[in-house]
Amino acid sequence: MLLRSAALCRALLARRGRAAGLCRRCVSSLQVANEPVLAFTQGSPERDALQKALKELKGRTEAIPCVVGDEEVWTSDVRYQASPFNHGHKVAKFCYADKALLHRAIGAALAARKEWDLKPVADRAQVFLKAADLLSGPRRAEVLAKTMVGQGKTVIQAEIDAAAELIDFFRFNAKFAMELEGEQPLSVPPSTNSMLYRGLEGFVAAISPFNFTAIGGNLAGAPALMGNVVLWKPSDTAMLASYAVYRILREAGLPPNIIQFVPADGPTFGDTVTSSEHLCGINFTGSVPTFKHLWKQVAQNLDRFRTFPRLAGECGGKNFHFVHRSADVDSVVSGTLRSAFEYGGQKCSACSRLYAPRSLWPQIKGRLLEELGGIKVGNPAEDFGTFFSAVIDAKSFGRIRKWLEHARSSPSLTILAGGHCDDSVGYFVEPCIVETKDPQDPIMKEEIFGPVLAVYVYPDEEYKETLRLVDSTTSYGLTGAVFAQDKDVLREATELLRHAAGNFYINDKSTGSVVGQQPFGGARASGTNDKPGGPHYVLRWTSPQVIKETHGPLGDWRYPYMQ
């Protein structure tokens with residue numbers, strides 16, 4: 001519910017001295033809170049609804065079109081999305097947009113831009129607030145089921161992603177956008193100054209990943225909320241859930257041409273949008289090579305753009321847990337198991353390297369191996385006791401298997417547990433822990449994006465040197481955690497690891513950021529660190545205009561010193 005702040009509106013009116021036209025832009029206070037994460041216990045209404053939705057998807061293939069304007073477009077370039085844990089089940093049949101259709105989508109978006117941008121932010125926000133309500137209520141089970149079946153997520157991983165986080169993105173972004181309207185420059189009589197937060201001039205290309213349904217909704221949704229028009233290229237391996245999110249936005253009142261839903265071949269999409277003079281932004285989550293390629297394409301075409309495109313990218317990480325000898329072992333073990341192996345290590349923030357002190361390693365190792373035996377890997381749609389499921393596709397499976405082959409063949413690496421792979425039914429990889437004698441081995445440096453945890457054991461007295469090693473080993477800077485009870489060590493670690501992580505955790509796991517609480521993102525090779533989930537992110541998708549109005553004659557053109 002939008003609560004109008006009459007007092008603040010009156011204050012703004014008095015300060016600016018021009019009542020006409022300002023009420024439309026008066027600041028609103030939107031009260032929001034994080035969406036509760038449902039438990040899905042036996043016999044609960046949410047569990048019953050989810051099981052019903054999963055049953056409806058069993059053996060079903062949904063046909064998904066490109067949507068340009070208000071028209072569903074079916075092309076001859078047909079693709080399929082397979083369920084990761086049962087690749088014989090094609091969950092979606094969709095078609096790729098070619099260059100001609102993408103150009104048509106650009107034209108349709110541009111035609112709608114001016115009217116959408118001129119709408120008051122409160123009106124645009126209502127669309128996303130309604131979408132959040134639909135996700136929170138009648139459409140929750142559908143989106144969760146499609147995320148589980150299509151992307152291989154367990155109940156809880158789907159819930160914290162496709163429900164809680166996406167709902168939070170829509171609600172908090174609406175709050176941040178409306179509060180931004182209240183950020184106005186100082187006015188000094190006889191003039192009043194105001195700031196208009198316009199959308200960008202052109203279209204934004206949103207390119208989303210497979211691993212979070214919420215990220216796709218936010219990459220397209222946040223720029224649209226701020227008055228922009230968007231071409232959304234969803235991931236081939238998240239098509240089912242992405243299309244559901246798009247339909248919910250339309251059901252919530254999003255006009256037809258604001259977000260164009262255009263599945264496409266990656267290079268075709270990239271070439272087309274970066275060659276358009278109207279490109280004004282790219283909102284991206286994916287691999288470093290892809291983002292670098294898009295950046296280079298923008299640079300090569302710089303002279304043709306009407307405006308400098310905004311480039312926002314999140315590109316993953318090689319995230320760490322550093323353990324000091326003063327750490328609580330229970331916290332280390334529980335936090336590391338969750339961070340490294342939830343969703344099969346396919347989170348951008350997943351812990352992929354652990355630095356353990358020699359004095360604690362026997363205890364930590366014993367506990368990790370003991371608990372690892374209780375992790376169930378399987379079909380999350382049929383067994384709610386599954387901790388994680390298959391990795392996303394054959395390409396990912398093959399890449400992870402090569403890392404495991406490296407672990408078996410390298411003299412500096414020892415597989416302590418797990419590592420078996422089986423792709424006969426789904427793309428299953430056992431959780432694997434690898435100990436290394438070489439802290440510079442590639443397994444400690446490069447992103448794996450799978451259920452593989454690399455461990456380096458360091459001498460206790462060399463913890464400062466090891467902290468420097470943590471900072472310098474990889475090119476990434478996304479997330480990391482330090483486990484210690486010694487306050488001096490925590491202070492030293494915070495200073496030495498200042499640029500090693502954009503999201504830094506103390507005595508907590510490296511995953512699990514919450515919208516509004518821990519805005520997410522990192523620098524270095526991890527991206528542009530624009531912090532979606534925080535108040536500054538929406539500003540990224542605006543082009544502010546300052547208006548000065550002087551109330552009275554300007555007087556003599558001559559300066560006093562000239563007399």
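All positions are counted from 1 along the displayed chain.
From the backbone N, Cα and C atoms, a Cβ is placed for every residue, glycine too.
For the NAD(+) site, Swiss-Prot records S208, K233, G286, S287, V288, P289, T290, and the single candidate of E46, E56, E447, E461 listed with them is E447. Minimal Cβ crowding within 10 Å, among the recorded positions K233, K365, is found at K365.
Secondary structure at E314 (active site, proton acceptor), as computed by DSSP, is strand.
The Cα atom of K99 (N6-succinyllysine) lies nearest to that of S208, taking the recorded positions S44, S208, G286, S513 as the candidates.
E447 (NAD(+) binding site) sits 38 Å from K130 (N6-succinyllysine), taking the C-alpha atoms as the reference points. On a Cα basis, K531 (N6-acetyllysine) lies 21 Å away from K233 (NAD(+) binding site).
Taking each Cβ in turn and tallying the other Cβ atoms within 10 Å, the top scorer among the recorded positions S44, N211, S287 is N211. Under DSSP, K93 (N6-succinyllysine) is assigned to a strand (E or B) in the three-state scheme. Considering only the recorded positions S44, K93, S513, the residue whose Cα is spatially closest to the Cα of S287 (NAD(+) binding site) is S513.
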